[in-house]
């Protein structure tokens, strides 16, 4: 029967795996990482709070897509909390942690990153449903959206708690990983491969959306000249899709590959020297999400500016916002609507389509 080491402190596991990164992460390097992380966290808290407040305040955003967007912002906000906890429990402090506290530290990170990833997947599926049905908004009811949001957090919490529930190496230290000294290598392989598969699914979904829009463009371009804005729609869609996928690839893939290599027990890959930088890179995704999904939406940006500036001229601003098409809806999601209503200009679809579909949500 194997001996279990629940009562040991983390220095026992770090020393056994010959992990000296905790000692190296001191001095100027630690100060630099903490300053960098603090700036990220402040931006994450402020920007994602504004996104959530904007969705709550602006009735134009009371649709399934924006509810999911607000949930993504909540997941990224939680990622900021997880990173703050990490900053106070890293470096030399890592070796003094109890097993339970270390599990909490890593569990918060795994939960936040999983929640963000699953949110992105659900948003991609929701956009796919809307475009294929040629609607500005999907037919998801509020109850279904609530169920989806609850499921997202249930999955995220479960994934963050899996090592604590038993998938660890405390009773078999021969299978302990190097990056996560009390995580089983098999769990790291499972977690990294699962996330890479989800990433692949998102790529397929967005490629399908783009191909559908491109096909519609080619078929209908011979029948109607269309407006300049309509002809440029596929280009804007491609830019949005490439921004979303590019940010995810840059921020997540390196860290997932490093975890996979550690799970495969690659001792000559030098993963210890890059892990903290890839962690920061992964958390950078929580910084970029509000920019990609919100600040490129003119009406969302206008709503947040009103909240920041505390403008009293709400009616004037509302009339101005109604003339600005929401780029999230018009540029990247509901392109097919432009071809169905060939005689209606882009701004009309964005301004009036919301009201027509409001009853469906």
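Cβ atoms here come from the backbone N, Cα and C positions, even for glycine.
Among the residue ranges 108-125, 126-143, the one that TrEMBL annotates as transmembrane segment is 108-125.
Between the stretches 145-167, 214-236, TrEMBL puts its transmembrane segment entry on 145-167. Ranked by number of Cβ pairs under 8 Å to the transmembrane segment (145-167), the listed stretches 30-53, 65-88, 108-125, 277-295 are led by 108-125. Tertiary proximity for the transmembrane segment (108-125) is limited to same-chain residues at least six positions away from its ends with a CB under 8 Å from its CB atoms, namely 65, 68-69, 71-72, 75-76, 78-79, 81-83, 85-86, 148, 152-153, 155-157, 159-161, 191, 195, 198-199, 201-202, 205-206, 244, 248, 252, 279, 282, 285-286, 289, 293.
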